[in-house]
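Q: Handing you this structure, nothing more for now.
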Amino acid sequence: MHDKIYPVSDDWAKSAQIDEPTYRAMYQRSVEDPDGFWAEQAKRIDWITPFTKVKNTSFAPDNVSIKWFEDGALNVSANCVDRHLAKRAEQVAILWEGDNPTESRSITYRELSEQVNVFANVLKEMGAKKGDRITIYMPMIPETAFAMLACTRIGAVHSVVFGGFSPDSLAGRIEDCGSKLVITADEGLRAGKKIPLKANVDAALAKLGGDVKTLVVQRTFADIPMQNGRDVFYNDLAKTVSQHCEPEAMNAEDPLFILYTSGSTGKPKGVLHTTGGYLVYASLTHSKVFDYRDGDIYWCTADVGWVTGHSYIVYGPLSNGATTLMFEGVPSYPTNSRFWEVIDKHKVNIFYTAPTAIRALMQAGDEPVKKTSRASLRLLGSVGEPINPEAWEWYHRVVGDDRCPIVDTWWQTETGGILITPLPGAIAQKPGSATLPFFGVQPAIVDGEGKVLEGVAEGNLIITDSWPGQMRTVYGDHDRFVQTYFSTYKNAYFTGDGCRRDADGYYWITGRVDDVLNVSGHRMGTAEVESALVAHEHVSEAAVVGYPHDIKGQGIYAYVTLMAAVEPTDALRKELVAWVRMEIGPIASPDLIQFAPGLPKTRSGKIMRRILRKIAEGEFGNLGDTSTLADPAVVDDLVANRQNKR
Ligand code: PRX
């Protein structure tokens, strides 16, 4: 906890869309009269058929059902593109900054419209139609946004898979949602290195067999193998199709997209978002949380492979007619000044990034920041993991020159948009706190038994009523949806996060309370890394836990028991790291691997992760009761051979 308060400046209070009294009044209204409040807010979206019903939701364990605006019809691409043409056809919609600092592109709303119409017709030409699932495995280029919007135009459901995932992970995600089409690129480009996206798709499809087709956008124009009858170059088909595609009228509750995310058990879940509620929520939060004003240049540094990219690079900004910057590269390439140079180059006003990037750049010192101007910046944002107060202060002082408020936005893939955040003209900030709920969001803190705690409290974070951006189900597995989110606490959505509330009613997210890791703001299930490890021929058993990591927030610590007669060598350690990278992707690479002759288990065979976490954290004095272990001696070995933190 950090007591420092950064009050809202007079300037901000006067100029922002929402000041404190307005926030308080709107919040009150939003929870007392959700139907009235959201009916009004939904006017920011163009409806093909107006809705007459607003909220129809139940969190009751035997009847979890979430519907918003259920008899309305709309089209997302029409809202993100067509409707802006009358007023802002020549305004830049997507400002693209390449990996190479000499490359950039500006796409106006007129060009965006042309591109999305053609892309939609190309999808139709490939046989795609309303309701089909289409997997998008792309680098950070404007064509990725065109592809997403094209899907929404024809009513297809996209599933974007982060370009850093392995062929295996990609194959699982293609199979789970039954997509018959994968949109990819020849290669991606990051920090000067080529990423073999099409080759990864080939490897994924080789695992699946069947009749999945690919559509290949050319990014690097590499000479890649194309399979006749299965693979098509986007450019070849784009030349042949009509320039106009009528947007499909979609029911508000028709699926919009699936996004896979890690849980505490099993394989990643297909989080399903629907059309109307999601768009209203993404649009409203983008406008108010970032206080987006006409003409602002807005930059969210996320990858579109994550929910942040969906809601706050593509759908939120474009539905608001904003200029959204899309960055192909990384913060440290070619130098640690890259972010700040891009801000100066494009005169960025609003900048939204992750604590892990802030911490890494903070380690590089002030000089790479200070040699840039950043005079255009007005507002800073943080997302993805708890931000430690030191990093917050540095972001505020060095990057924002003590001038820009910071919105620390807490939310999840499941929530569709930001749930807890300061509004910059309304709420005083405290470094490390996500502060107060957005409109319509009713957080509560509960203890282990589910008792709601009032006032100053610490426990688990639940949300007691629905908001329009909430996920509707786990694709193909509604029982898992109910089980995961609505069975721990009665009549409430369980976030999986721990949280405390201070005397001012501010919320402080303390991190996951389940077996989900947050590594550099990327979500990773310990079970996924474990199952990758045990798939290696030399591994008999594995247990994975998180430990505090200076830059990544959490690092991945793996305890590995080898098969009998296998030598525990450094070479094998390296091989296992490479193995996990290959099985899941680089984001899942274990930071530390400890070879353990045995794991601490109860007599019934359950691994006691509590002990493993403590050892990984280096808290040996505090291991708790180990007498119930089947073999207490294994703990001594684990402590003696603990790997050093990096
Ligand atoms: O633990 C919380 C953390 O990230 C989790 C959600 O991860 P994901 O679904 O990948 O979405 C990330 C981007 C929205 C949450 O359960 N988290 C996210 N934002 C914050 C955060 N923790 C603390 N403060 C935040 N601002």
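All positions are counted from 1 along the displayed chain.
Any Cβ shown, glycine's included, is placed from N, Cα and C.
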Q: TrEMBL has Gly384, Glu385, Pro386, Asp408, Thr409, Trp410, Trp411, Gln412, Thr413, Asp497, Arg523 binding ATP. Which one of Arg397, Arg480, Arg512 is in the same site?
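A: Within the candidate list, TrEMBL flags Arg512.
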Q: What span in Å does the CoA site cover, taken as the longest CA to CA distance among Arg190, Ala191, Gly192, Lys193, Thr308, Ser520, Arg581?
A: 24
Q: Taking the recorded positions Ala191, Gly192, Ser520, Arg581, Lys606, which residues show a Cβ-atom distance to ligand 1 below 6 Å?
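A: None, as no Cβ falls under 6 Å.
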Q: If you count the other Cβ atoms within 10 Å of each Cβ, which of the binding-site residues Ala191, Val534, Val539 comes out on top?
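A: The residue with the densest Cβ neighbourhood is Val539.
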Q: Starting from the Cα of Ser520 (CoA binding site), work out which of the binding-site residues (Gly384, Trp411, Thr413, Arg512, Val534, His536) are within 10 Å.
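A: Near Ser520 (CoA binding site), where near means Cα within 10 Å, the binding-site residues are Gly384.
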Q: Between the two most separated Cα atoms in Gly384, Glu385, Pro386, Asp408, Thr409, Trp410, Trp411, Gln412, Thr413, Asp497, Arg512, Arg523, the residues recorded as binding ATP, what distance in Å do you get?
A: 18
Q: When a 10 Å sphere is centred on the Cβ of Thr413 (ATP binding site), how many other Cβ atoms does it contain?
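A: Cβ-Cβ neighbours of Thr413 (ATP binding site) within 10 Å number 20.
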Q: Going by C-alpha distance, which of the recorded positions Thr409, Arg512, Lys606 is nearest to Arg190 (CoA binding site)?
A: Thr409
Q: In the predicted model, what is the mean pLDDT computed over the domain 'AMP-dependent synthetase/ligase' (82-464)?
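A: When the pLDDT values over the domain 'AMP-dependent synthetase/ligase' (82-464) are averaged, the result is 98.
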